[in-house]
Structure formats: structure tokens, C-alpha cells
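**Student:** Have a look at the structure that comes next, please.
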Amino acid sequence: MSVVSSVTVKVPGTTANLGPGFDCIGAALTIYNQFQFTRLEESGLIIQATGAEAERVPTDESNLIYQAFAKLYQYIDQPAPGVKIEIELGVPLARGLGSSATAIVAANRLAGEPLSQAQVMALAIAIEGHPDNVVPALLGGCRLAATGASGWEICDVPWHSHIVPVLAIPDFELSTSEARRVLPTEYSRADAIFNTAHLGLLLRGLETGKGEWLRAALQDKLHQPYRQALIPGYDAVNTAAVAAGAYGMVISGAGPTLLALADVSHAAAVEAAMSTAWQEAGITAVVRSLALDTHGAT
């Protein structure tokens with residue numbers, strides 16, 4: 001394919017971990033960022049952002065979207081061209097809702113698609129460091145990723161149509177580095193077995209929509225117990241969500257966004273309860289009932 005002068009990519013926000021699936025499972029949601037990359041005739045970088053928290057977007061080479069763009073050109077051993085990047089933000093920054101590494105989809109198209117989809121995926125995972133956000137953002141749906149003998153093995157995780165993701169996005173940030181810092185360097189065998197068993201139960205619960213399995217499955221001993229203290233109001237929001245009928249609540253990615261899963265018949269009540277709980281805790285938050293995005297980056 002020939003080199004093009006401008007490309008636009010729409011990328012869904014993602015939620016990762018889903019409780020016990022630490023660093024290996026994620027789902028694409030119906031909330032989006034849009035990136036337009038236009039090749040400049042001369043060297044240089046122009047970054048313009050609109051939408052949610054646009055004023056906080058870096059407009060120099062420290063911008064993570066630009067860094068992902070440049071990484072692709074480095075990978076194919078070509079100098080990155082001058083580029084204008086227009087960002088339409090629908091997914092707030094630093095909230096545990098996705099990865100800027102997905103910008104390499106646009107970079108690949110702008111370069112004439114020198115990389116296959118599998119190569120783009122592998123490079124995005126390498127940039128991000130783990131697959132749980134990148135994979136569903138690129139492919140859509142709920143995805144599980146694990147390393148195989150010859151690279152990443154990625155499988156689709158069936159998601160029952162009655163399961164609604166309810167997303168609660170607070171107005172404060174939590175850096176991934178801080179969320180990683182509080183994690184222990186070693187875990188007990190009992191905790192490892194606990195998460196393995198509950199991840200299996202989660203996969204079957206998502207497929208069948210069976211409430212008993214989902215209520216039990218949305219537990220974790222590897223990351224959430226250590227990160228909850230970094231999120232003001234966590235306990236109150238969790239209690240409110242479950243009381244309103246949610247199967248359970250988890251931290252989305254590294255946080256601070258919280259995700260509840262609920263049957264479609266309880267989603268509205270869960271959304272209202274989570275909103276009220278955070279409001280009573282003195283924290284402004286946007287709470288939305290969403291759906292699974294099945295297309296990924298387009």
C-alpha cells in the first residue's frame with residue numbers, strides 16, 4: 001500500500017484486569033478517542049487536542065501518542081516524518097481506561113502499512129509492556145492474551161449480552177507507576193491459586209451470564225487489595241454498587257476508574273448508586289452504563 005498523507009483512527013477505551021485477570025485480560029468499551037495524523041511537508045510536530053481534559057494533553061515530543069507514532073518509524077528503520085496530530089478525547093487521561101500505544105495503528109497506515117496486524121499488535125504490546133489494554137483496543141471485544149512458543153496467543157472471551165459494564169470515572173488521576181509501586185514483589189502460593197481459580201470462574205461467568213459465578217469471580221488477591229487505599233471512596237462505592245444489584249466491582253486497569261458488572265435489569269440502579277456514593281464522599285465522578293465495543297480500532 002502506498003504512503004498516504006492523512007489518516008484518522010477511532011480507538012475504544014478499555015478496561016483491564018477485570019479483577020483476577022491481572023495483566024492478561026481486558027475489554028473494549030463504547031467510549032472513544034479519535035486521532036487524526038496528517039503528514040507535514042517539513043519536519044516538525046503540531047499537536048491539537050479537543051474534548052475531555054484537552055488542556056492537559058502535552059503538545060511536544062513527550063506526548064505518549066507521538067512517542068508511539070515515532071516508535072513505529074524507529075521499528076521500520078525510517079525517520080519519523082513531520083506530523084500534525086489532532087486528538088479528540090472521549091476517554092479521560094490517566095484513569096485506567098486505555099493505552100496511547102494504539103496510536104501505532106495510525107502510524108502504520110500513514111507509513112503505507114509496512115507491518116501486518118500481528119506485527120502491529122506485538123509492537124504495541126512491547127511499547128505498553130503488557131497486553132491487557134492494547135489487545136482489546138486494537139481488536140475489540142473482551143480478550144485474553146498469554147505468551148506462547150512463538151509469540152502472543154490471543155483469544156476472544158465470550159461476553160453475555162445481559163452483562164452491562166458500569167464505569168465510574170473520578171476527577172482525579174492515579175499514575176500507573178504509583179499503582180505498580182504499592183504491589184508486593186512476591187506472592188504466596190495460596191494467593192496465586194486463588195487468582196487462577198477465580199479467573200477461570202470469571203471466564204465462564206462472562207460467557208454464561210451466570211450471576212452466582214460472576215459474584216464469586218470478581219475477586220482478586222494480587223493487585224486490588226493493595227491499590228484500594230489509593231482510591232478515596234472505594235469502599236463506599238463498592239458497597240453501594242453491590243447493594244444496588246451489581247455482581248461486583250473492580251478497579252479498571254491501574255485505577256482510579258472503577259468498573260461494576262451488572263445484569264441489564266440492574267444497570268441503571270447501579271449507575272445511580274455509584275454516582276451518589278462518590279458524591280457523598282466529596283468526589284466528582286462521571287458514571288456511565290456502557291456496552292462492549294466489538295470492532296476495536298477503526
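Here the Cβ of each residue, glycine as well, is placed from N, Cα and C on the backbone.
These came from Swiss-Prot, pasted as-is:
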BINDING   Pro92, Leu93, Ala94, Arg95, Gly96, Leu97, Gly98, Ser99, Ser100, Ala101, Thr102  ATP binding site
**Student:** Please report the three-state DSSP label of Gly98 (ATP binding site).
**Tutor:** coil
**Student:** Which residue among the binding-site residues Pro92, Gly96, Gly98 has the fewest other Cβ atoms within 10 Å of its Cβ, if you could check?
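**Tutor:** Sparsest of the binding-site residues Pro92, Gly96, Gly98 by Cβ contacts within 10 Å: Pro92.
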**Student:** Just name the most isolated of the binding-site residues Ser100, Thr102, going by other Cβ atoms within 10 Å of its Cβ.
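**Tutor:** Counting other Cβ atoms within 10 Å of each of the binding-site residues Ser100, Thr102 gives the minimum at Ser100.
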